[in-house]
Each structure stands twice: as C-alpha cells, then as structure tokens.
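Asks: Dumping the structure here so I can ask a few things about it.
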Amino acid sequence: MIQGTPVNIIVGSHVWVEDPELAWIDGEVLEIKGTDATIVTTTGKTVNSCSYLSIYPKDTEAPPAGVDDMTKLAYLHEPGVLYNLASRFALNEIYTYTGNILIAVNPFQRLPHLYDIHMMQQYKGAAFGELSPHLFAVADACYRAIINEHGSQSILVSGESGAGKTETTKMLMRYLAFMGGRSDTEGRTVEQQVLESNPVLEAFGNAKTVKNNNSSRFGKFVEIQFDKHGKISGAAVRTYLLERSRVCQVSDPERNYHCFYMLCAAPPEELKRFKLGDPRKFHYLNQSNCYEVANVDDAREYLETRNAMDIVGINQDEQEAIFRVVAAILHLGNVEFVKGSEVDSSKLKDDKARYHLQTAAELLMCSEKALEDSLCKRVIVTPDGSITKPLDPAAAVTSRDAFAKTMYSRLFDWIVDKINNSIGQDPNAKSIIGVLDIYGFESFKINSFEQLCINLTNEKLQQHFNQVTYQADQFLDKNKDYVVAEHQALLTESKCSFVANLFPQLAEEASKQSKFSSIGARFKQQLQSLMETLSTTEPHYIRCVKPNTVLKPGIFENFNVLNQLRCGGVLEAIRISCAGYPTKRTFDEFIDRFGMLAPDVVDGSDEKSACIAICDRMGLRGYQIGKSKVFLRAGQMAELDARRAEVLAHAAKRIQRQIRTFLTRKEFIILRKATINMQKLWRARLARKLYEHMRREAASIRIQKHARGHAERKSYTKLQGAAIVIQTGLRVMAARNEFRRRRQNKAATIIQTQWRSFHAISSYNRLKKSTISLQCLWRARIARKELRKLRMAARDTGALKEAKDKLEKRVDELTWRLDIEKHLRMDIEEAKGQEIAKLQNALQDMQTQLQEAHAAIIHEREAAKIAIEQAPPVIKEVPVVDNAKVEQLTNQNHELEEVITELKKRVEEFEQSYSEVEKESHARLKEAEEAQMRVSQLQETIERLEVNVSNLESENQVLRQQALAASAKEDFTEEMELLRGKISDLESENKFLRSQNVVVEQIASSDDQVSLSVKELNNGYQSHNGVQVKEQHPITKDSEATPPILTKQRSLTDRQQDNHDALIKCLLEDNRFDKNRPVAACIVYKALIQWRSFEADKTNIFDRIIHAIQSSIENQDNTKNLAYWLSTTSTLLFLIQRTIKASNTSAVASKRNRNSPITLFGRMAQVRSSSLITGLSSGYSGMEGNPIAKSRIEAKYPALLFKQHLTACVEKIYGMIRDGLKKEISPFLTLCIQLFNSLLLRRECCSFSNGEYVKAGLQELEQWCAKATDEVLHQKSHKSLDEITNELYPVLSIAQIYRIGTMFWDDKYGTQGLSTEVIAKMKVLTVEDSISTPNNTFLLDVDSSIPFSMDEISQSFRDISVSNVDPHRPSFVRDQTSIFSCRQQNESFALLQF
C-alpha cells in the first residue's frame, strides 16, 4: 500500500484520514510538525497530531465515477478501494474488477437491465476486461476456456450471509445455459432442472439469520458438465456441511429452516392430517420470537415448494412422506422428560408429551413403545451380553435432539440425491464448469463450532487466513455425528418404506465406523474432496459484498464493507496484483503500438534497444525488460496510451487535412470498384461453397450406402440367430406338451379300464350288441371324415368325383342313423342312471354315474377309432348291402326295444321316488344355471382375450416370418414333400376302401326323440350335429398336422404385413383432401379402428406410423409440406383423442393473462395459432354436428404411447413452421421491438407523429399478425378503459398502455391522449400487478414458446366423418382389399390356433 511519506505529503496535500463514523474521510493538510500533521476534513472537522503512517494520499484526478478495475488506481490503499466501490455503487455499478477477481456489491433491488438477453449477447465472446465488469464476463471466460483449452473451470462465489451469493450463482447458470444450452431438445433442459431445484433446496436448507432472510445453511457446488461440442450434457449438485444443530437450537431473532414454517402454514386438511398448527406451540420453533419474514407468505411458499418438488421428479407419495418426517420432527421436539422412579432414569413429563410421542410414532409408522424406549434408554453391548441403561432427563433430551437432527440430515441428503437423479449426469463429459456457492466468513461476539467450520472452509478456498477467537463450550457435543443403534433399528423397522430407506441396515464394520464418526471428521473429508475437485480446475473468483446490515437498497456502510474486504482477502489480492507487473507486451507488439513515440530510434536499433529507448524517453520508472517482453507496472500502460493518443491525434489531423479533398473526389469511383470486387469475390465464394457441398453430399451418400449395407447384414445375422433360438424353444415346448398329453392319456386309460370292468359286471349282455352297432356307426363316421380328407387331397382328380358324391350321401345317411341310435342309447343310459340313483338315494350320485358312463362311452369310441385306424373299413365306389347283417341288426334292435319296454316299467316305479328328489334337483339346477351364466360371462371374457392373443400371435408370426425368410424355400419344400406323402397315403386308402362292402344298419326312430346340440368344448371335443367327436391328431415323427397350420399362420402374417405396408404408403403418398379433410389421416384412423390396434397390448404399427411421419418432416424446409403434415397429424390426433379413453388429468385451456407482460412474438403466435386452429375447424365441411355416440375404447399402453408421440410430432411441426417464419421476419422483428421499447422508455419518442411513423412502418408486419384498425389516437380521447383494453389495444398489457398514456404528447393536434379517470384506473391496476408479479416489465421481448395446447386443438375441431372416405382412396390402397377386414382374419387365425 502507498502510505504517506514526507515526499508526497506536504502542506496543501489532499489525504485520507481515519474517521470513527465513516472509517475514512478525505481532507487537506494544514500544518506539518515533524512526523505529525494537522488535517481539516471536508466536513469541517480538524484532526490534530496525525502520524504519516495513518495518512494516505488522495488522487485528486481520479474519475468521480471510479474505475472499473481497482488495479488501475493511482494510489492503491484501503480508502481508495473503499471509496471507489462506494462511487460505483452510488451509480448502480455493482461490479468492479480487482485484477481477475470480480467484486459484486449486493444492490438489494432488482436491476433487470443487467441480466437480460441483450446483455448476455454483449458479453458473448468479448475479451475479459474489454467491457464493463460483470459476472457474465467471468462466466464467458470460463466457457471460452473449456472451448479453447478443453480444461475444466470453477467459479468460487464467496461472501458473508446476505451478500447475494445464491443470486449470483443463479445468474451464472443462466449465462452458461445461454451459451451451452441445447435448443433442440424436448422437455426441460439440464440447466432448467438445476435452476428448478433451487426452491426445494432453499426450503430445506435455508433459514433466516441475523444478516440474511434467506441464508443458505449448507455449501453447494453445482457441477455443470459439457460435451465435446461445448453443449451442456449433464449436471450434479454437491452439498457440504448442513447446519444440523439449527434443527434443535435457534437463536433469537433467527428462524429454523423454512420448511417447518411452510408446513405450519399448509392448507387446513394437511394441518389436520399432520396434527400441526401455530408454530409458537412447538419447542423447536418457539426458541426464537421470529416466526415470520417480511414480504414472505409461508402458505404460498409451501404450495410453490410442492410444485417445485413435482417438477424435479418427487412424486406425491414421496412428498407426503417427506412432510410426514418434518411434522414428526416438530412433534418430537415437544416430547419432554422428567426424572423417573429409578435412579438416573427418565419418563414422559405429562399427557401432552405422551400425545406428541404418539403423533410422532404414527407419522413415522413405528412402535410407540419402541420410540419411547429409544429416547429414555440406551442398550450397551458387552462381551457378556446386552445391558439396558436408563437415561436421566438431560440425556433423554440430548437423545431426542440427536434423533431429530439425524432424521433431518438423512432427509436432506435424500432430497439432494433425488434431485441429482432427476437432473442426470453425463459420465462421458469432456469438461465441467463448477459453481461453488458456500457460506462466507462469519465473525460474531461468540463464535461457536459452526463458525469454525465455515471460516475454515473460506480460508482454505481463498488461501487467506484471519485470526478469530472461538468459544470452545459444547464443541465436543456439537462435533458428535453418529446414529444411535436404537434409533437406527427403530426406523429401519418402520412400516413406511420411505422412512426405512432413510436408515438402511448397515454392515457391522460400517455401523461401528459411523457410530464413532464426528462432524469435524466428515467436514474435513468433504472439504478435502472439494479441494481435490477444485484443484483439477482453473479457479475464477467472485467476492460478494453486503453493503449494509439493514438489507435495503441505496445504503453503503463503510465499516461493514471494509470488514468484508479485509476478511475476504480482496485488499491482499490487490497488493499482490500491483506489487508485480500487471501489463506485459512482446517487443514487436510494444514497438507496433508505441514506436511512433520515438520514430528515430526504431529504424536503426534492434527491438529490445528500441523498447528501452521508448520507455526512457517517456520517463517511465520501475519497468523491466525480459527476453521477449516488456513488463510495465500498474498505470504505466495508461500513461503510454495517453502519449500515443496525442501523437496519433496530431498525425490524424495532418493526414485528414491533405486527403479529405482527394477522398471526396474519388469516393464514388472507389466505392464502385470495391462493390464490383466484392461481388466477384462473393460469387467465387458461393461457387466454391456449392462445389464443396455437392462433393460432401456425394461422399455422404456413398458412406451411407456402405454403412446401411453393413447394418442390414448385421441385423439379418442377429435376427437369424434369434429365429433359430425361438424355433428350438418352440419345438422343445411342443415335444413337452406332446409328452404331457400322452402321459395324461395313459393315466386316463388306466382309470377307464377300471371303470369298464365295473361297468361290464353291472351291464347287460344285450348292451354289448348295441355297442357293436354303435361301433359300426362310428366307423361310418370315421369313414366320412376320411372321405372329406380324400376329397380335399384329390380335389383335382376327376375320376373319383362320382364315387365321392355317392359316398357323401351314404355318409349323411349314416350320420342321421347314428344320431337316432345315439338318442336311443342316451334314453337307455338315462333309465340305467335312474335305477342307480334309486339304489343310492341321491340325485347327485346318479348324475356322477351318468357322467362316468359317458366317459366310458367316449373311451369306447377312442378304442373303436384306434381299431378303425388299425383295420380301416373300405368303401367301394358301388356299395353292396349285406342283407344278413342288416337282418341281424334288425333283430338286435327288436331285442333292444323289449329291453326299453322293461326299463320303462321300472322307470314308472322309480318316478315316485324321483319326484321327491326332483324338488331338490330344481333348487340345485337354479344354482347351476346361475353358475352357468357366470361361466358364460367368463367364457365371453376368455374369447375376447383369445382375440387379443390371436393379434399378438399374428404379430409374433410376422416376426417369425421375417426371421424364417432365409429358410422359407427349404421349409416350403419340406411341406410339399409331407403333403405329397399324405396324398399318396390317402390314395392307397381310397383304393382299399373301394374293395370293401358298406355296412348299413337300419334303425327306425322318430325325430322328436333326438336332441341335437352344437357347442364347443374346452377339453378337445367338438359337437357337430349332436354327435360328440374327439379331434384326432395323429402323432407322427414329422408332425404332419403342423405344416398346414404354420402355412396358414404365415399367410395371415404376410397379409397383415402387406396391409401395414399399404397403410404406410398411403400415409406417405396420399396428399389429397376430401371435403377439406386429410384423406391419409382418415384412412389411417379407420384402419386402426378396424384392426383393433388401440386394444392390442403389443403392436408395431404405431412405431411405423411415427417413424414415417418423423422421416417425412426431418430436414423439411418447405412450409407448405409442413402445413400439410400439421393438418394430417392434428386431425389424426383429434380422432384418436375422441376415440380412446382420456386420462384423469383435466385439461385447462390456457388463457392470456391481461396483467402479465405479453411479448411481441407471443402476440404473433397467438394470432397465427388462432387463425390456424380456426382454419382447421372451419375447413372441414364433412364434420358432423354431434359427437360420435359410442363408448370410448379402453386403450392399451401402446395406444397411449402412440398418442404422446403424435402430440410431440404436432408440437415439433408447429415449432418448425414457427422457426421458419421467425427466421424470415427476425431482423425486422428485432428493429420493431427496439423501436417499440424506445417509445416506452423515451418521452420525446412517444409523440403522435412518431406513433403515425411506427404505424406506417408496421404494415409489413401486419401480414404476419392481425390486421390493425385504421383509428387515429387523437380521435379516441374519450374512450373508456374497457374499450381501450378490449378494442383499441387488445394485445397490450395494462402496464404498457399506462406507460404510453402517461408519456404520450400530441405534437400535431394538441389533443388530450387519455382522460384522467382512465389514467387513475390504470395506475391502480398497474400497482396491483406489480404487487402480484414483482418481476413484471412493460418492455417487449421475444417469446418462442408454443401458444396453444393439444386440448385447444381438440376444442376447435368439430366431429369429422370418416365414413365416406373409402371411395376416393388411391389405387395402392384399393388393391389391398383386406386392409379393413384384418379383424376377420385375426379371428380366423385365433380359431386356427385353438
């Protein structure tokens, strides 16, 4: 520092002298006696006997507004630095450089002009120190450093509480987001998520202190990650040393953390749920008399915090659990203890303490008894066992407070981790910019353990140490940081998963280590980690200064600021900077700049000697000459520049005097030549650029061709391997199913064998004859089935046609006979069953016996079928009737009729006993009918599920078809061989059948005795014409039944794939409009409805549609094509939203807030979007007036996801159209905004003449906006407020109209602009708006957000009729005749699979 010396202090010198009120005050030396001087200050006060050591010289030529870099001060000392900051602060210049350190003085008011987009653009790419000091310059230097040097940077923001560190950090992140943010990403960007996390962290980590109403009680290091292109790719928030003791101990007039007071101001229903109320009733809050903060509404802050938690990804259940823990901490603080009955024991004080303990246990979802024991007792583990030790009341209170602090600390750590997980980190980031916001140096009358940790952090970061005295009382207690085992076990067993996750079960070693840890150790570890992180980065420093302790604007307290400058090491940094050589220039740069000061020494000397001669001639002292550079002390560069400016001024005048006439005469010729030359160069540049573009395009096409070929080959190989694995699995599954079926058949055969033996004993011998007859008829049935197979196999064989016709007639006759025989046999079985029921005296047993008899018959049928397969009957072309056999069967029928007569007699005897059982049977029958109804309902549900399964199977078959495309030819060859083998077998059997006789049994019976039923069973049997037939699937080695089914499946999937391809082709190529309806959207909608794609659990048609739309609009510059796709996608979205069931969230139409400021581009977007929506709504002449009277479809997840993707496409297309239009009018729009803002800022511009000029200039803009009315302002002097806001200026805010009305002056007609009543009303509205919206501004800016929602599009549409679109669909859709009949194909495919 430059102190006073006899050389520079004389009588009449202006100096700085210490003052008890102003710290330093300037004055004039009146008298000098030895080393003492007498000074009279500017206030008129005389100071006697001032030593030279306490006097500092004053620079009388210093600028009154101060200097932007304090290293430029002529006299660098405490009073010079202090009053330089005060001078700049008085002019709202809150930023000042000290070398590369930025000093920011908190203005305690908003200065929006310092942080708008225009200011960011000014500092973008500017060299550090070129513009006025600003934190944007520091942020830009960091960003340029990582771009140019690829090295990580850090910004250390320090200062005491209330100095503005948090706001400075926010502004730094805003600028970094402006420079490196991604503009083409959907949803919220990384920087937005970091900024949106601030309200949550402030709610749980900030509190009111003596010096600041919103003091951060934790350190925060925001790590912003950048990729190799300089774009933000991720972020992370690191927190350090939360002040946990504040949870339990609050000093007056400070407050606890904000979240406690917010929760106490929550809505009544939540207060009732958490059993909370006035904060004065809680011990952790009433230790201080401060419960409210000026201009802060805790109820509104609570709702905003909940909203912020939703934004950062904390769901409602987690929010409920968080505030349940906060409420439990408050109740826990009201649990008081008194001395217990035992020695050194404690118990709850009274019923109030018991109530709060119960409430805390309920909120934590843990045992009340366990919670009380964990607070009043302590378990000591010894080698001999566990010992339970009671705690006295003081120890119990300590245990309670430790429990509360631990819970709050764990809760805060969980919130930070949740925010980091929501933001997302980039592990592949090339570089980072870290912004450290940490509490500043604190010094009070009594400095506790917290101040020690805070001050140590600042000293380590700034490498500047201050001597401070600390009070060591309770240091050990505050340093404790371990979790009591009882507390850990209690909360680990909580029924609330959230609370249990806050206290996970630790390993034994980890639990021992954490039990004996301390805050100091943990703080040291965190600080070491922070220092290691910062050591890998290049640091940049911002010192925040709080100008006054009352936190009000316009007040600059010298002592307060000077103390912060001393503690923050600012003066030390100034000393270090000025002690060296802040200005350095190479020899050639120095000579190029200052060679004109001594031109005679430049020509004949080397560079080094010339530099020395120039410095000596200018009278510089203290400079140094290096090997390649000149090193100047502070202020010498400015002196040389001043001398250089004088020389240049004289030379410029001389040159201008000689050439001004020449330039005027030759100006036109030079300008023309320059224009021609520029055109030539520019055209050459365009030609080269076009050639380069064509060459790059050709190269890219060639690269894409090879890359896509490689990708397709790789995809095919992978798909082929997957298909082989799937085939292997399916074949294994089929083999297992076949083995399981055979095992079940074997078990059934054993059971049927036992039953047949029992049935043979109790049956009559005559029934055996009827069984033989039934077997003959069954063989006829089998013969008919074989005939059908032969007819299908030999359809093209003309020689067998006549024989097949005869056989079909004979088979029909046999079928009719078989039905009659079956009916007779059923009557016999019923009579036999009634007899069995009489013996057993229970109708249920009789029904069981009948069912068992039916099972036996079925088994006999199977045995008969097996016999037929082993020795199949042969049907000749000309059947021969065996009369002897017919006569024998006739006799058997007569015998059966006699048996039936006898049975009828026995039935009559049994009817009496049966009537008694019949009543019970009717009751059970009703129950069975009800059960059958439920079964039918379930069957319908199963059928619907089977349809869905069939759809999924069809899609799976498509994938299988693609996977088996390579081996399709081979599989087709195998199928043909199998079919040829089967045809040859059928031909051989047909020849054998021709050589056999046909056995026919004549059975006479009336048709009314036959009960026919056709139904489908689930056990593998189907009933056709009243006869139950078990489907036989012959098991062969090659599974002969499989290839036809697989062929049908493949054909269905092929047709489905063709339909999908045709639909995509229609979407891409059919650009027609039918009655102002986009045809492609209507056809796609009908196809999706017909295919029931919205009800499918899995389908790929939605992905193909979205991919087709995105590929069509990708890199699309044609606004007309984009408009077509916007119409198509919005129409399809409207149809889908009308068809499927919507979510529970209610859509709220966005309305323009009249009180909020409206941007110019927002107004343009409103007009354009309204006209667009109106055009879409009014343009459909085919819409119906009423909505479709159908129930909406319960959409599955793929349909809902498709709707979201389609919504994103609509927004993207609109954004592309909006960006294209904005690009066209952007220059003109910027000029209009600047002109309009100048009207609002300068009264001389807000005149009637300028208004007419602006109106004329806006004619080009009117074609993009709404048409302006041709009304003149001087004719509207008597308009009311409603007419002005709704008719004359419908798009201006109240603040803007009020600004224009108060500044307007009619320089042409001299009329009154607005009436005084209207001005008064607008003033009241403007004041109300400023209260509700503090950041409101009347200036105009550009807002590129989407001004409408999807619900507004839906509301603007009328119903669209898509029924009459089919006749006009293109040829490639008409060719696909099955595109709208795929549902029947899917049903057929499902039946085939069954």
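Quick reminder: no glycine exception, Cβ is built from N, Cα and C everywhere.
Curation does not apply to TrEMBL; its annotations are automatic.
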Asks: With TrEMBL as the source, identify the stretch among 297-319, 527-549, 941-963 annotated region 'Actin-binding'.
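Replies: Checking TrEMBL against the ranges 297-319, 527-549, 941-963, the region 'Actin-binding' one is 527-549.
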Asks: For the feature coiled coil as recorded in TrEMBL, pick the matching range from 437-464, 745-772, 829-856.
Replies: 829-856
Asks: Of the residues in the region 'Actin-binding' (527-549), how many are helix, strand and coil by DSSP?
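Replies: Its residues fall into 9 helix, 8 strand, 6 coil.
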Asks: Please list, in sequence order, the residues in the chain of Thr166 (ATP binding site) that are at least six apart in sequence and whose C-beta is under 8 Å away from its C-beta.
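Replies: Listed in sequence order: Asn198, Glu202, Asn214, Ser216, Asp437.
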Asks: Need one number: mean pLDDT over the coiled coil (829-856).
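Replies: Mean pLDDT for the coiled coil (829-856): 68.
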Asks: What does DSSP give as the helix, strand and coil breakdown of the domain 'Myosin N-terminal SH3-like' (10-60)?
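Replies: For the domain 'Myosin N-terminal SH3-like' (10-60), the helix, strand and coil counts are 3 helix, 32 strand, 16 coil.
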Asks: Taking 10 A as the limit, how many CB atoms besides its own sit near the CB of Gly159 (ATP binding site)?
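Replies: Result for Gly159 (ATP binding site): 27 other Cβ atoms within 10 Å.
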